[in-house]
Amino acid sequence: MTPEDPEETQPLLGPPGGSAPRGRRVFLAAFAAALGPLSFGFALGYSSPAIPSLQRAAPPAPRLDDAAASWFGAVVTLGAAAGGVLGGWLVDRAGRKLSLLLCSVPFVAGFAVITAAQDVWMLLGGRLLTGLACGVASLVAPVYISEIAYPAVRGLLGSCVQLMVVVGILLAYLAGWVLEWRWLAVLGCVPPSLMLLLMCFMPETPRFLLTQHRRQEAMAALRFLWGSEQGWEDPPIGAEQSFHLALLRQPGIYKPFIIGVSLMAFQQLSGVNAVMFYAETIFEEAKFKDSSLASVVVGVIQVLFTAVAALIMDRAGRRLLLVLSGVVMVFSTSAFGAYFKLTQGGPGNSSHVAISAPVSAQPVDASVGLAWLAVGSMCLFIAGFAVGWGPIPWLLMSEIFPLHVKGVATGICVLTNWLMAFLVTKEFSSLMEVLRPYGAFWLASAFCIFSVLFTLFCVPETKGKTLEQITAHFEGR
């Protein structure tokens with residue numbers, strides 16, 4: 001396919017009769033697909049309540065030491081990186097629907113292995129399986145939803161991917177208060193099982209069916225989702241061709257590729273994992289009686305502001321929310337760094353984060369007051385992240401790539417995201433030893449500044465455009 005082929009940019013699926021579709025089943029199909037991200041969020045949140053329980057476990061139950069606990073949390077990201085590659089292969093060969101059905105299997109199998117675990121290796125194996133499923137779901141669900149949605153609601157439905165992730169995390173936190181780790185793993189089997197059931201009754205995306213020359217099935221899917229088959233075009237010439245490196249010379253390919261990979265990298269370099277790492281300790285410093293409340297507070301803020309983002313996404317647009325989100329994160333990470341500078345800035349202090357003890361020169365009341373600065377900065381950061389840099393990179397990833405490279409390109413984006421998440425999580429402590437905690441957060445603030453500049457100069461607005469119009473923009477048409 002070359003940029004000179006006009007058929008590539010013709011709309012596959014336009015609004016029926018020139019007006020917005022009125023089909024409601026598209027919301028049901030999006031909900032069914034979004035149960036994958038809900039399962040993904042539950043798997044991410046599972047480690048927070050499960051690790052303390054597993055560290056206290058008495059024989060014959062498996063027990064985690066500090067090293068095993070670290071891997072129990074981190075191995076999911078490695079599995080997800082592999083899942084991103086697998087998902088990129090599956091989504092173009094098996095289709096979007098079948099890929100979602102298949103990813104429910106390692107979700108259920110992984111949680112089942114954890115439930116039956118008799119040793120640490122079974123626990124890690126179960127987490128690796130759920131991580132693999134997370135990687136597939138994080139790629140396929142946004143692609144499926146973006147391809148079934150009409151432009152007027154694509155931002156809303158696409159943002160629901162991240163909304164369901166944070167709902168899943170919050171669900172794991174709340175359930176962890178009343179369920180021990182085995183029963184919590186049993187609960188983790190419910191969302192993917194429900195997804196498997198519902199997706200059996202949902203259609204494949206019309207765009208994928210068109211590229212496979214399955215016209216009648218595409219028309220039936222369109223009627224099911226949108227309530228109409230009007231506004232339909234033949235599949236673009238070349239949309240079924242496979243990816244090869246020579247395509248990277250085309251602006252319609254390399255421009256969205258650079259944007260997609262950069263967005264995923266900036267998301268992880270924003271400092272979000274560092275803020276989450278410190279949440280409970282900061283709440284302890286602010287004299288909260290139950291520091292585990294921090295996880296729930298963080299989860300509630302994420303859900304509320306991701307929901308706000310979903311509601312305003314198709315009005316405010318992607319670029320504006322990314323810029324506002326980045327600016328909020330710049331100020332909040334800078335304030336975080338100032339907190340650490342004030343409490344640990346003395347030359348005699350360890351550079352390795354023991355923030356649970358205030359600096360001796362600080363009175364207790366002053367220490368508590370500074371801790372409230374950190375609590376406010378943390379809540380502001382989480383709200384800012386949830387409004388923009390949480391959901392939008394995943395949404396844009398599903399929008400900006402042409403059909404014939406979508407599987408490979410989104411797979412590389414997901415691989416980038418999960419590898420960056422693993423590296424940032426595992427190496428953050430080492431970074432703080434070199435730069436001190438305040439330096440690490442100020443570095444995150446600098447990355448947030450770069451993310452704002454990158455958005456302003458490189459990221460186009462996709463609000464209200466068809467996927468084919470977005471492709472035409474990158475090709476300079």
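Backbone N, Cα and C define each Cβ position, glycine as well.
A mean pLDDT of 47 is what the model gives for the topological domain 'Cytoplasmic' (1-25). Sequence annotations record features per position, and here Swiss-Prot assigns topological domain 'Cytoplasmic' to 1-25 (among others) based on sequence analysis.
The feature transmembrane segment is assigned by Swiss-Prot to 26-46 (among others), with sequence analysis given as support.
Taken from Swiss-Prot, the feature topological domain 'Extracellular' covers 47-70 (among others).
For the transmembrane segment (71-91), same-chain residues at least 6 beyond its ends with a Cβ under 8 Å from one of its own Cβ atoms are 43-44, 47, 50-51, 54, 64, 98-99, 102-103, 106, 123-124, 127-140, 143, 406-415, 417-419, 421-422, 425-426. Among the features that Swiss-Prot reports, transmembrane segment is placed at 71-91 (among others).
Long-range neighbours of the topological domain 'Cytoplasmic' (92-96) within the same chain, counting only residues 6 or more positions beyond its ends whose Cβ lies under 8 Å from a Cβ of the stretch, are 102, 140, 143-144, 147, 204-205, 208, 212, 406-408. Feature annotation from Swiss-Prot assigns topological domain 'Cytoplasmic' to 92-96 (among others).
What Swiss-Prot records for 97-117 (among others) is transmembrane segment, and it gives sequence analysis as the kind of evidence.
Marked as topological domain 'Extracellular' by Swiss-Prot on the basis of sequence analysis: 118-127 (among others). If one looks beyond the topological domain 'Extracellular' (118-127) by at least 6 residues along the same chain, the residues whose Cβ comes under 8 Å of a Cβ in the stretch are 43, 47, 54, 60, 62-64, 68, 71-72, 75-76, 79, 110-112, 185.
According to Swiss-Prot, the feature transmembrane segment maps to 128-148 (among others).
Feature annotation from Swiss-Prot assigns topological domain 'Cytoplasmic' to 149-156 (among others); the stated evidence is sequence analysis.
Tertiary proximity for the transmembrane segment (157-177) is limited to same-chain residues at least six positions away from its ends with a CB under 8 Å from its CB atoms, namely 26-27, 30-31, 34-35, 37-46, 48-50, 141-142, 145-146, 149, 184, 187-188, 191, 292, 295-296, 299-300, 302-303, 306-307, 309-310, 313, 386, 390-392, 394-395, 398-399. Feature annotation from Swiss-Prot assigns transmembrane segment to 157-177 (among others).
If you look up Swiss-Prot, you'll see Gln162, Gln267, Gln268, Asn273, Trp394 marked as D-glucose binding site, on the strength of similarity to another entry. Gln162 (D-glucose binding site): 26 other CB atoms within 10 A of its CB, across all protein chains.
Residues 49-50, 53-54, 57, 114-115 of the same chain, all 6+ positions outside the topological domain 'Extracellular' (178-182), place their C-beta atoms under 8 angstroms from a C-beta of that stretch. Taken from Swiss-Prot, the feature topological domain 'Extracellular' covers 178-182 (among others), and the record attributes it to sequence analysis.
Swiss-Prot lists 183-203 (among others) with the feature transmembrane segment.
Under the heading topological domain 'Cytoplasmic', Swiss-Prot lists 204-256 (among others).
Sequence annotations record features per position, and here Swiss-Prot assigns transmembrane segment to 257-277 (among others).
Look at Swiss-Prot and you will find 278-292 (among others) tagged as topological domain 'Extracellular'.
Here the listed stretches are 183-203, 320-340, 439-459, and the one with the most C-beta pairs under 8 angstroms to the transmembrane segment (293-313) is 320-340.
Spatially, the transmembrane segment (257-277) is not adjacent to the transmembrane segment (26-46); fewer than three Cβ-Cβ distances between them are under 8 Å for residues at least 6 apart in sequence. Taking every pair among Gln162, Gln267, Gln268, Asn273, Trp394, the residues listed as contacting D-glucose, the largest Cα to Cα separation comes to 17 Å. Secondary structure of the topological domain 'Extracellular' (426-438) per DSSP, as helix, strand and coil residue counts: 13 helix, 0 strand, 0 coil. Of all the binding-site residues listed (Gln267, Gln268, Asn273, Trp394), Trp394 sits in the most crowded Cβ setting, with the most other Cβ atoms within 10 Å. Sequence-remote contacts of a segment are chain residues at least 6 beyond its ends whose Cβ falls under 8 Å from one of its Cβ atoms, and for the transmembrane segment (405-425) they are 73-74, 77-78, 80-81, 83-85, 87-93, 135, 138-139, 142-143, 243, 247, 253, 256-257, 260-261, 263-265, 267-269, 273-274, 393, 397-398.
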